[in-house]
Amino acid sequence: MAPFEPLASGILLLLWLIAPSRACTCVLPHPQTAFCNSDLVIRAKFVGTPEVNQTTLYQRYEIKMTKMYKGFQALGDAADIRFVYTPAMESVCGYFHRSHNRSEEFLIAGKLQDGLLHITTCSFVAPWNSLSLAQRRGFTKTYTVGCEECTVFPCLSIPCKLQSGTHCLWTDQLLQGSEKGFQSRHLACLPREPGLCTWQSLRTRMA
């Protein structure tokens, strides 16, 4: 059956390319949720053009990591991350990096698969300079405090109520029409006492 393998691969690739285009839609998470649900959170520069693997239909970007905030244990003995991987098509949530500034730093929160960093359109990837000082504080130090006990619970429609004392209602989208509202830019869901989490200002935690 070996002679048919190239043909089969070609057919699969053709079906992939001619499939109806469907926009990938997702709601961006609160930065704390992105931090807690990611295996690896780093600051890095995109320094290379994307390279597409025609076999896996994934593309990779060469990056230069400047800081790691989460993932030391998950990464194991690997000292550095040199590439980030994503689906090669936007219709299946592939991330396309549009900035041509190779000196610009980005906050990248992604998943590790077989030791490789993977991201999608739905991943938290943002220019470091676009983050508020409170968000930078969160990624650097504070978000991790709420990962085990607390959950940011999106409130997208009324009525909306807490399902647990450890949940914090996230109303940015409902009240401000954007996931980048006040709670996202300035607050973290952190333990107040055993069994209770509340929104707390990251400003007051800044040195």
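Glycine is treated like the rest: Cβ placed from N, Cα and C.
Residues or ranges marked as signal peptide by Swiss-Prot on the basis of similarity to another entry: 1-23.
The feature Zn(2+) binding site is assigned by Swiss-Prot to Cys24. In sequence order, Glu90, Ser91, Val92, Cys93, Gly94, Thr120, Thr121, Cys122 constitute the residues six or more apart from Cys24 (Zn(2+) binding site) in its chain with CB-CB distances below 8 Å.
Averaged across the domain 'NTR' (24-147), the predicted model reaches a pLDDT of 93. Summarising the annotation, Swiss-Prot assigns domain 'NTR' to 24-147 and lists sequence analysis as the type of evidence.
Same-chain residues lying 6 or more positions outside the region 'Involved in metalloproteinase-binding' (24-27) and placing a CB less than 8 Å from one of its CB atoms are 90-94, 120-122, 154, 156, 173, 179. Residues or ranges marked as region 'Involved in metalloproteinase-binding' in Swiss-Prot (evidence: similarity to another entry): 24-27.
Look at Swiss-Prot and you will find Asn37 tagged as site 'Involved in metalloproteinase-binding', backed by similarity to another entry. According to DSSP, Asn37 (site 'Involved in metalloproteinase-binding') sits within a helical segment.
There are 11 other CB atoms within 10 A of the CB of Asn53 (N-linked glycosylation site), with all protein chains counted. Look at Swiss-Prot and you will find Asn53 (among others) tagged as N-linked glycosylation site.
Annotation note: Asn101 (N-linked glycosylation site) sits in a coil segment as assigned by DSSP. Counting every protein chain shown, the number of other Cβ atoms lying within 10 Å of the Cβ of Asn101 (N-linked glycosylation site) is 9. The N-linked glycosylation site annotation in Swiss-Prot covers Asn101 (among others) and is backed by sequence analysis.
The secondary structure of Ser178 (phosphoserine), as reduced to three states from DSSP, is coil rather than helix or strand. If you take the C-beta of Ser178 (phosphoserine) and look for same-chain residues 6 or more apart in sequence within under 8 angstroms, you find Asp172. Residues annotated as phosphoserine in Swiss-Prot: Ser178.
A straight line from the CA of Asn37 (site 'Involved in metalloproteinase-binding') to the CA of Asn53 (N-linked glycosylation site) spans 27 Å. Across the fold, the C-alpha of Asn53 (N-linked glycosylation site) and the C-alpha of Asn101 (N-linked glycosylation site) stand 24 Å from each other. Neighbours of Asn37 (site 'Involved in metalloproteinase-binding'), defined as other CB atoms within 10 A of its CB across all chains, total 13.
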